[in-house]
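Asker: Input: one structure, supplied below.
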Amino acid sequence: MRLALLWALGLLGAGSPRPSPPLPNIGGTEEEQQASPERTQSRSLENQVVQDSPPINLTEVLQTGLPETLRIGLELDGENHILELQQNRDLVPGRPTLVWYQPDGTRMVSEGHSLENCCYRGRVQGRPSSWVSLCACSGIRGLVVLSPERSYTLELGPGDLQRPLIVSRIQDLLLPGHTCAPSWHAFVPTEAAPDLLLEQHHLRRLKRDVVTETKIVELVIVADNSEVRKYPDFQQLLNRTLEVALLLDTFFQPLNVRVALVGLEAWTQRDLIEMSSNPAVLLDNFLRWRRTDLLPRLPHDSAQLVTVTSFSGPMVGMAIQNSICSPDFSGGVNMDHSTSILGVASSIAHELGHSLGLDHDSPGNSCPCPGPAPAKSCIMEASTDFLPGLNFSNCSRWALEKALLDGMGSCLFEWPPSRAPMSSLCGNMFVDPGEQCDCGFPDECTDPCCDYFTCQLRPGAQCASDGPCCQNCKLQPAGWQCRLPTDDCDLPEFCLGDSSQCPPDIRLGDGEPCASGEAVCMHGRCASYTRQCQSLWGPGAQPAAPLCLQTANTRGNAFGSCGRSPSGSYMPCNLRDAICGQLQCQWGRNQPLLGSVQDQLSEVLEANGTQLNCSWVDLDLGNDVAQPLLALPGTACGPGLVCIGHRCQPVDLLGAQECRSKCHGHGVCDSSRHCHCDEGWAPPDCMTQLRATSSLTTGLLLSLLLLLVLVLLGASYWYRARLHQRLCQLKGSSCQYRAAQSGPPERPGPPQRAQQMPGTKQANVSFPVPPSRPLPPNPVPKKLQAELADRSNPPTRPLPADPVVWRPKPQGPTKPPPPRKPLPANPQGRPPLGDLPGPGDGSLQLVVPSRPAPPPPAASSLYL
């Protein structure tokens, strides 16, 4: 492999290193300590490109400080490429904890140690599918992937800065081969499953769930004494740890999983556990120390032990399947089998994958892996054939999705504390102070809400599309459900209304009942025996008959046990604890969804005179999986009893009842040991009852209020009508006359023909007697209404009757001429005046007074 020509250019905003506590000197020689260049305050240079500016020597760059952006020109196989790099700030969130030990055994803790951010991520210019992972902590080490067929390692020691960079193809690396027993995986999809696990910035702007949300694994790496002796300079050990963590983060990013290094512990004086070449024994010892010593003082999601000790057999690591977030089993042991960080990082990624629920890839083409042979090597393959895996297969993607939907990984949604303040840098995919968003490089930013040049929200945008509480650049309202519950032990989460991110995942606390009383919640999962069988054997699977289960697990062999001892032998269960041992199921699929059937045993048992056919299997999960599939903690094993530590124990040991008593009967305990109050009760102790403010209650109150108003209006109208009726009875016909003038209109009756007096002609107009019910209002023109307003009112009571009957007289003089002003025309559609309805049959008996009657009232002129 020819040596590459390297230059660095385009440096921007390099931050000066912050002072850190002195690191221990573990015995490195003076020459080794002088080999690492000192860090000095860096200087800012103007933007430069290859075509317009001369290259800057790499030695000068590394000796003057590490910039936040770096562009490296590189020749690979005769082709010139430019690496565009940004510091990976998600790798070291906040200021991690460093732990080492003095000769007298005193533990030294540097909480919030200022690690210089010397690791970069990026891509090759002009190659969208490429990626680069590189650390410049001490020299140069990294990985460049142009395509699945072309991958290269970069390496340059701290004392070799004047020499050319060494570039090697992945296929040329000679790493010690390692293998796990082949897992003839039966989960072979018949058709391509949808790719739901894309990187966050490629997601559609839809409501997201646990599958598509970005998860983060808070990782602690523990270096045993043999690893410390291999790298006696503590800074060198720290740099190597950072390089391994960077590759882990790079491997898991396509699965929407980030890896953050929150702590490093170095056993600088002696090993704190008993070391063993048997990885199962070593794992058991390490997990016990993690549970009792490490976890209480340094919270994390997974701990990985790195040792130089050679393991017996071909294995280079071991972990427990589907154990992430478990305080008892979330960890692994790994052998530092190569000077290349790529091989070590790939091995740790393999064991961490087991903790996340990933099984070994099936041989053949059932689990596609990018790249042709011999480059085809995925991380979860049982055997790497001397080539480190660089990618996860589609089978690994589907397995992670299934594990998440089954309730695994509640701790992965809690992001570490905020990072230490650093200078802002637009384009590093981290929202720095002064920025509103950051979607990365211009060619990878797909966020329509974010301006990738300024890292500010675009006009009209309220948020960046980097979380489930932002849709179409608008914040979802407070109370909008952003994460659905995955099982009985999960609680829904809701947007707060002021952030695009969904709150951390909250689950029911340990000991809360679930699955209709079949189990209780443990570590955020509902440990129903039926569901465990269906997760292993598919739909329709059920627990085996009690006699078959007890017989198998009390024998203590590969077909049934309560687990393995540190020496690797199977441990039989006590009869009381049999249900807490190995999973014993019936029905379902012929082949399991996890692992493969290595052997099968059938036996006929007799119980109460009845023969029972029992069948047991020996599942092969791979040599690097420490334990068989045992019943999960929290599985019900009797009335008031659950499995704790593979023993059937009282559920009260989990403390759920004690925690629930703080909620005063109006709530349950969540995973943070806080009360999750029932609706209508206020936290934190669920003692105060809230006012009913739900939409249903509000609607009922409004309906009752409206009904009350209607009742009052009806009562008022009835009272006024009764009062009006009584007044009319007291006043007599005047009330009736006023009703004829101003009462509401009534439907007119049939027209009646008016009677004529004998010897008279038909009168043009007759005066109607006041009707017994009001007449319809007469349409009077406005102009005439104004003239009538000046005239006198009609008499208030009728004229007295005259006993003298008026007799007809001879026809008098002719009628006077009609008025000069024409009468108003009848409204269209109004019946003739003579057809107006009258009371009774319409006949009119006229009584004439003895003296001439006064002229008709002014109002009657309307009818002349």
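Here the Cβ of each residue, glycine as well, is placed from N, Cα and C on the backbone.
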Asker: With reference to Swiss-Prot, which of the candidate residues CYS450, CYS455, CYS502 participates in the disulphide bond with CYS482?
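Answerer: Going by Swiss-Prot, CYS482 is disulfide-bonded to CYS502.
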Asker: Pick from CYS659, CYS669, CYS675: the cysteine that Swiss-Prot pairs with CYS663 in a disulfide bond.
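Answerer: It is CYS675, per the disulfide annotation in Swiss-Prot.
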Asker: Using the record from Swiss-Prot, pick out the residue from CYS648, CYS669 that is joined to CYS659 by a disulfide.
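Answerer: Disulfide mapping in Swiss-Prot sends CYS659 to CYS669.
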Asker: Which of these, CYS369, CYS378, CYS395, shares a disulfide with CYS367 in Swiss-Prot?
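Answerer: Between CYS367 and the options CYS369, CYS378, CYS395, Swiss-Prot records the bond with CYS395.
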Asker: Write down the single range among 178-185, 274-281, 298-305, 722-729 that appears in Swiss-Prot as motif 'Cysteine switch'.
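Answerer: Spelled out, Swiss-Prot records motif 'Cysteine switch' over residues 178-185, not the other listed ranges.
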Asker: Out of 102-108, 326-332, 851-857, which range is noted as motif 'SH3-binding' by Swiss-Prot?
Answerer: 851-857
Asker: Count the other Cβ atoms sitting within 10 Å of the Cβ of CYS367 (disulfide bond), across every protein chain shown.
Answerer: 25
Asker: To the nearest Å, how far is the Cα of HIS350 (Zn(2+) binding site) from the Cα of CYS378 (disulfide bond)?
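Answerer: A Cα-Cα distance of 9 Å.
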Asker: Determine the mean pLDDT over the domain 'EGF-like' (659-687), rounding to the nearest whole number.
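Answerer: A mean pLDDT of 85 is what the model gives the domain 'EGF-like' (659-687).
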Asker: Helix, strand, coil residue numbers for the domain 'EGF-like' (659-687) per DSSP?
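Answerer: So the domain 'EGF-like' (659-687) is made up of 3 helix, 9 strand, 17 coil.
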Asker: Using a 10 Å radius around its CB, how many other CB atoms surround HIS354 (Zn(2+) binding site)?
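Answerer: Its Cβ has 26 other Cβ atoms within 10 Å.
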Asker: Please tell me which one of the recorded positions listed here (GLU351, HIS354, HIS360) sits closest to CYS502 (disulfide bond), measuring Cα to Cα?
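Answerer: Its closest listed neighbour, by Cα, is HIS354.
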Asker: Note down the number of other Cβ atoms within 10 Å of the Cβ of GLU351 (active site), including every protein chain shown.
Answerer: 25
